[in-house]
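Listed in Swiss-Prot for this protein:
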- 12-32: transmembrane segment (TRANSMEM)
- 89-109: transmembrane segment (TRANSMEM)
- 123-143: transmembrane segment (TRANSMEM)
- 190-210: transmembrane segment (TRANSMEM)
- ASN326: N-linked glycosylation site (CARBOHYD)
- 344-364: transmembrane segment (TRANSMEM)
- 365-443: region 'Linker' (REGION)
- ASN412: N-linked glycosylation site (CARBOHYD)
- 443-771: region 'Catalytic' (REGION)
- GLU528: active site, charge relay system (ACT_SITE)
- LYS659: active site, charge relay system (ACT_SITE)
- ASN700: N-linked glycosylation site (CARBOHYD)
- ASP735: active site, charge relay system (ACT_SITE)
- 836-856: region 'Disordered' (REGION)
- ASN838: N-linked glycosylation site (CARBOHYD)
- 840-856: compositional bias 'Low complexity' (COMPBIAS)
Amino acid sequence: MVGRLFRAHGQFCASHPWEVIVATLTLTVCMLTVDQRPLGLPPGWGHNCITLEEYNAADMIVMTLIRCVAVLYSYYQFCHLQKLGSKYILGIAGLFTVFSSFVFSSSVINFLGSDVSDLKDALFFFLLLIDLSKATVLAQFALSSRSQDEVKHNIARGIAMLGPTITLDTVVETLVIGVGMLSGVRRLEVLCCFACMSVIVNYVVFMTFYPACLSLILELSRSGESGRPAWHDKSLIIKALHEEDQKPNPVVQRVKVIMSAGLMLVHAHRWVRCLSIALWPDLTSLRYFCTHCDTGVSYSRWSFASEGEELPTVKLVTGDSVVNSNSTDDAQLHYYIMRWLTVSADHIVILILLLALAVKFVFFETRDELTTTRGMDGWVEVSSPVEHKYVQTEQPSCSAPEQPLEEPPASNRSIDECLSVCKSDVGAQALSDCEVMALVTSGHIAGYQLEKVVRNPERGVGIRRQILTKTADLKDALDNLPYKNYDYLKVMGACCENVIGYMPVPVGVAGPLNLDGRLVHVPLATTEGCLVASTNRGMRALMRCGVTSRIVADGMTRGPVVRFPNIDRASEAMLWMQVPYNFEQIKKNFDSTSRFARLSKIHIRVAGRHLFIRFIATTGDAMGMNMLSKGTEVALAYVQQVYPDMEILSLSGNFCTDKKPAAVNWIEGRGKSVVCEAIVPADIIKSVLKTSVQALMDVNITKNLIGSAVAGSIGGFNAHAANIVTAIFIATGQDPAQNVGSSNCMTLMEPWGEDGKDLYVSCTMPSIEIGTIGGGTVLPPQAACLDMLGVRGANEMCPGENANTLARIVCGTVLAGELSLMSALAAGHLVKSHMRHNRSSVSTSGSEPSTPACKS
């Protein structure tokens, strides 16, 4: 019930921002202009008689410390906001702070009867008590919206979630701080009064002005080119914000309610006592109370006079008593202004602190240090510092001159001398390149061990290039194949042998792709023109409604082949392995080989006296072929104990099936089985894809379904899924050869909506063989692309989730590519686009000169 009330309040503020803002500003102006007289505060709130002797050095030290803490706390909060990486959150929080300060100042001056000089302490208490965390959470709720219409709903949802907690916290804080106003200590009473006013102002502004202003700012933001709001396109991508994290602890809430009830009784007793005294009919008793408790004269909270200096008295009328003034109003104003501008020791301390923080922020806080990861609904944010580099080299040119790393001496040493040096503690690193080449040529050093022998991977690669150039007479063939400034330590023993360089492949980016409520920019490593542009167009068409994806199966496979003496033993072994208890024993042995590999089932086929056993297991975030091989080997050893006459012919019997087209992968699945769907509105098909629903359906049926069936295709019921799969595989360090099975895809299209003018499109990919750890994913460029997608490495909280997310991204990107290419075919734009984007600048004879893109 309470949540619904707060939701309705939030919906009203977000739906009527102008009305709420104008009403709030009007009330603020009224506080500044209507009835300037101070309120008659209850006893204990500031009417106790004080003497100037109370303001000593200890008071100044305490207040200076409070001011410093307030400044540092405010600096910490805004630095924390800047780490979120969103200029919108930072600006909105700043606006919230400024407006709250303005309302607070108005409240202090009017309702508490304070003068302007009190603000220098009141504002510091306001800064000390303001909490921007809830304001930030509400801003994140709003910024997580994927459209302008969703902003109001998300603001209402945020108010419904945060409102009850903030209301209870405000009540508790006000009552707890209000206890200080019962102390009878003048200074503590005034400070507590400021604090209570700060808490109340923060609450009122947060519940009224802030959500309305938040809605208005985002409503006035211009839309990006992709049709998304500008603040949604330009903000860093943020991870999902779970609502459970914002729900209060019910036990803590009950304790707060009980505490509030008790404190209310204390304050009620005090107010009843004060009211009874105020209504006391006996004037003598009233005077006795005033003499011992309070006086009718109210002084300012802070003394501007030093010891021994008299303050000009102010004429105050309180009841029947009159205090004469011995100075004019102009003299008083001039006096207080001069005292305000006087630089005292506490002012100097605050000024030094502010200057130090400013210098630290400007000169010592780099942008990289302020980048972190934050979670929000459907966004992803990259947390690692960004350092822009050339392609694995520090120089703009990636060509490597073909010359030795060291100049050889005038006369080379003999083979025996070189061997002696090589076997010594100094090692081959003390030899020149020519001497190492001589040892390789003579067979004393294996060519594949050059990096290890010379103890410098880059030098070893350079020497191997020289040997290859000389023995194969390549001349300058390797000049444009770079090899310098690459981290070969991650390559050795993991990715490649006999390395002679690395191959720079252009990496384009398509996106953002609206996948399951997230915006993802997808890297595509390809040398095919039009591919990135076409995929990007498909993503733009899918932006409004987004793509929905699901993982329907997960299991990497390894299919060994074993042989028995006869079919009787083969069939008996097959039936034995299918018994649940025996399978559990096989699974126990299989699972013992890895922390992540878990055998889920086995699929057995008999061919004569041969058994083809397909082990299917989940492998966490790894692609898992090595895990499967190791587990399969141990599991077969256990089966062999029961059937000693079983002969293991091969650990892979092509029943996996790996890197070959196979119906078993298409039917049973391998790796991640993913399904994606999307709805494309009719106006998008016409404006972005330049075609119609009927034309798309006709081309899809005749090309992808009938044409593939005529060709006898297995899993090839698509337009060009392999294009996108391979491009993502190369960019993210997957095994490119596995695009054979991973590209199995069926693309389906059908009319959608009441009038059938919209398009429903889906892609089913049953065998995406993919992982985020191991293999080429450890290489820095490939790891950077995984980082870009937010799936680098293993997922510690939920093993396998990163690999599943990457598989979903692949399928969603394939859907975008399919949609764009099919539209080009339906509209007859395929040849035209390839002639423009996929041709060299040199025109063929008889063709028209190409038109520059900037003039098209």
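Count begins at 1; order follows the chain as displayed.
Glycine is treated like the rest: Cβ placed from N, Cα and C.
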Greatest C-beta neighbour count within 10 angstroms, which of the recorded positions ASN412, GLU528, LYS659, ASN700, ASP735: ASN700
Conformational class of ASP735 (active site, charge relay system) under the three-state DSSP mapping: coil
Residue pair ASN700 (N-linked glycosylation site), GLU528 (active site, charge relay system) - Cα distance, angstrom, rounded: 23
Closest of ASN412, LYS659, ASP735 to GLU528 (active site, charge relay system), Cα positions, recorded positions only: ASP735
Taken over the region 'Catalytic' (443-771), the model's mean pLDDT: 94
Distance [Cα-Cα, Å, rounded] between ASN412 (N-linked glycosylation site) and LYS659 (active site, charge relay system): 49
Pairwise CA distance, LYS659 (active site, charge relay system) versus ASP735 (active site, charge relay system), rounded so that it is a whole Å: 10
